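Here is the structure we will look at.
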Amino acid sequence: MNFIVSKRRPAQPSLPDHPAPATPGTGRGLGLGLPVIALLAVLLVSVVLAIGLGPATISPADTTRYLWAALTGGTLPAGDLTGYQIIWEVRTPRVLLAVVIGAGLSVVGVTVQALVRNALADPFVLGVSSGASVGAVTVIVTGALGAFGIHALSAGAFAGALAASALVYLASYSRAGLTPLRLVLTGTAMAYGFQAVMSVLVYLAPDGEATHTVLFWMLGGLGAATWGSLPTVAVIVAAGTFLLHRHARTLDAMALGDETAASLGVDTAALRRTLFVLTSLMTGAMVAVSGAIGFVGLVMPHLVRILVGARHSRVLVLAPLVGGIFMVWADLVARTLVAPRELPLGVITALVGVPVFITLMRRKGYVFGGR
Amino acid sequence: MILRLDALGVERNGRALVRDLSLEVGAGQIVGLVGPNGSGKSTALRCVYRALAPTTGAVLLHDRDLTALTRRESARRIAALTQEGGSELDFTVAEIVALGRAPHLRGNQALGAREQELCRRAMTQLDVLHLADRGVLTLSGGERQRVLAARALVQEPEVLVLDEPTNHLDIRHQIELLTLLRASGLTVVIVLHDLNLAAAVCDRIGVLAEGALVAAGTPREVLTARLVRAVFGIDATVVPHPLTGDPQLLYSLGAPA
């Protein structure tokens, strides 16, 4: 049995003497601490500046003074009342909502791209936004949900978003679970269906309000921000981001393919269900207050990956910060450029973001899903 | 027996992909699965690394049904190199290799010093250490395959499952990978298309046809001209390897009609 012996002899594995990097993987392995602190600082400054800027510009010093008074319950001279009201009642909730929506759309974008394994996916690819529009328009046309008072529209949009998600889920579910391609195809097909329903509702509506609402939900905007609507969406986005981040390594594994993920101990079917539910809730909550603001959820994930690599444990921390900052400035431009009129926020996000993104993409030779 | 397929059956849409497959893999053995396209090799492997649940029968690890273990527990014992080509996202090579530790770590827990060393060693063994900081999407198919193999080794499994691992590899890296398997002492189940490589690397070979096991034994017992004719439908001359004595197949192209 000589040949068996010869097989068992461990042949010298040839080790070409390449100059080995000191510690492999440090290229993008720098700690998260510094970038997070820097981005938080930029975010804070952006928020204060954006609150002060607008048709009635209020200096950063006054802005800080008003905000401080509001937060600590201090007193202000009577002459400051108008300024204070603009700052605290109008702009602050709006800018904070911009942070929440920018952060949330970016996080959901990252997750949905991993969930459906598609670089072109964004938070609305699963039909959520058109479902929300149908919900909102239904409320206007039928006067349903009167019990919710001024929040009836948002409640209708949220219900529509969740109903759309449930439909997409049921329609794309199969024995093999939620397969990525099926999800995208079902979501896209459903979106067309919802748009048709919406068109009919608008067509049959007796007044112009429905048309206006549809436009708002399709283009998105933060004009409806109030202190009342902010907490719910903020809590949902924050909790969702936290939960998604806990799945970061599993998301990495899933990016290697379902088979490989399974061999690494990931229950891909269960994971997809969890991700689907979390992202649907987050998107639904966001669309209900801001409509479908495009582009951010598609491009921020790529932008952050270009800068720090693909690992979800990093991307899911930095994307919300970068997205929040971006949205604050985009909204500032939207409401000041042709003041007192407002430009649709989605127009600004696209006009500003597309060139930035394409420049970055070309510079770094970024690749996603193939060469 | 470390690993045993016990009357394994897989059905999909009323069609039997694997039928009544029983196979034993002893500690440290390398067992090959060969057979024509669509004969159920990959399907059987998928049951072992739990991408697929068997319809009937079971996969037993140390005489325990795999489904009695959590997926993470199985993944700590059984690693796989699948046919999937790598990644959708541009991870670095080092990041991909480090993912092999996923079943051993909680949540997003970072790799310890020993695990870093483990990754380094695996990358050295598979000749990809110099690529550690490269984006995986910029690599060639063969380089990527080696990265994924390193990732599987880092999992520190008892059993390593490989589905056509030599795909995309040039001949030198094919030989190196199979040599590494022999030297590793791991228990290995491997699907190979190249019967000569299978004969060289495997202690035992199982031959599948239409989902059923039609022969099993040492390469010498199994790889005969008659079996190759019956299962693959081709004529081959089987000669002993002049150095190792392993059966080697020589093919001649059919005469043009």
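Keep in mind that glycine also has a Cβ here, set from the backbone N, Cα and C atoms.
What TrEMBL records for A:1-24 is region 'Disordered'.
Summarising the annotation, TrEMBL assigns compositional bias 'Basic residues' to A:1-10.
If one looks beyond the transmembrane segment (A:32-54) by at least 6 residues along the same chain, the residues whose Cβ comes under 8 Å of a Cβ in the stretch are 60, 62-64, 67, 86-87, 91-92, 95-96, 98-99, 308, 314, 317-318, 321-322, 324-325, 328-329, 331-332, 335-336, 339. Sequence annotations record features per position, and here TrEMBL assigns transmembrane segment to A:32-54 (among others).
The annotation transmembrane segment is assigned in TrEMBL to A:66-88 (among others).
The transmembrane segment annotation in TrEMBL covers A:94-116 (among others). Distant neighbours of the transmembrane segment (A:94-116): 43, 47, 50-51, 122-123, 125-126, 180-181, 183-184, 187, 222-223, 225, 229-230, 233-234, 237, 240-241, 244, 251, 254-255, 272, 275-276, 278-279, 282-283, 285-286, 289-290, 293, 296-301, 304, 312, 315-316, 319-328, 330-331; these residues of the same chain sit at least 6 beyond its ends, with a Cβ under 8 Å from one of its Cβ atoms.
The transmembrane segment annotation in TrEMBL covers A:123-144 (among others).
TrEMBL lists A:150-171 (among others) with the feature transmembrane segment. Here the transmembrane segment (A:150-171) has Cβ contacts under 8 Å with residues 126-136, 138-140, 144, 178, 183, 186-187, 190, 194, 213, 217, 228-229, 276, 280-281, 283-285, 287-289 of the same chain, all six or more residues outside its ends.
Summarising the annotation, TrEMBL assigns transmembrane segment to A:183-204 (among others).
Here TrEMBL flags A:216-244 (among others) as transmembrane segment.
For A:275-303 (among others), the entry in TrEMBL reads transmembrane segment.
As annotated by TrEMBL, transmembrane segment applies to A:315-334 (among others).
Residues annotated as transmembrane segment in TrEMBL: A:343-361 (among others).
Only sequence-distant pairs (6 or more apart) were considered; of these, at least three Cβ pairs between the transmembrane segment (A:315-334) and the transmembrane segment (A:216-244) are under 8 A, so the stretches are in contact. Counting residues 6+ beyond its ends, the transmembrane segment (A:275-303) has Cβ neighbours under 8 Å at 97, 100-102, 104-115, 119-124, 126, 128-129, 132-133, 154-155, 157-158, 161-162, 165, 169, 178, 183, 216-222, 224-225, 229-230, 232-233, 236-237, 240, 243-244, 247, 315, 319, 322-323, 326-327, 330, 345-346, 349-350, 353-354, 356-357, 360-361, 366, 368 in the same chain. Sequence-distant contacts of the transmembrane segment (A:183-204) (same chain, six or more residues past either end, CB-CB distance under 8 Å): 115-116, 118, 121, 124-127, 129-131, 133-134, 137-138, 141, 164, 167-168, 171-172, 210-211, 214, 276.
Remote same-chain residues near the transmembrane segment (A:216-244) are listed as 89, 93-94, 96-98, 100-101, 103-104, 107-108, 111, 129, 132-133, 136-137, 150-151, 154, 157, 251, 275, 278-279, 281-282, 285-294, 316, 320, 331, 334-335, 342, 344-347 (criterion: CB distance under 8 Å, separation of at least six residues from the stretch ends).
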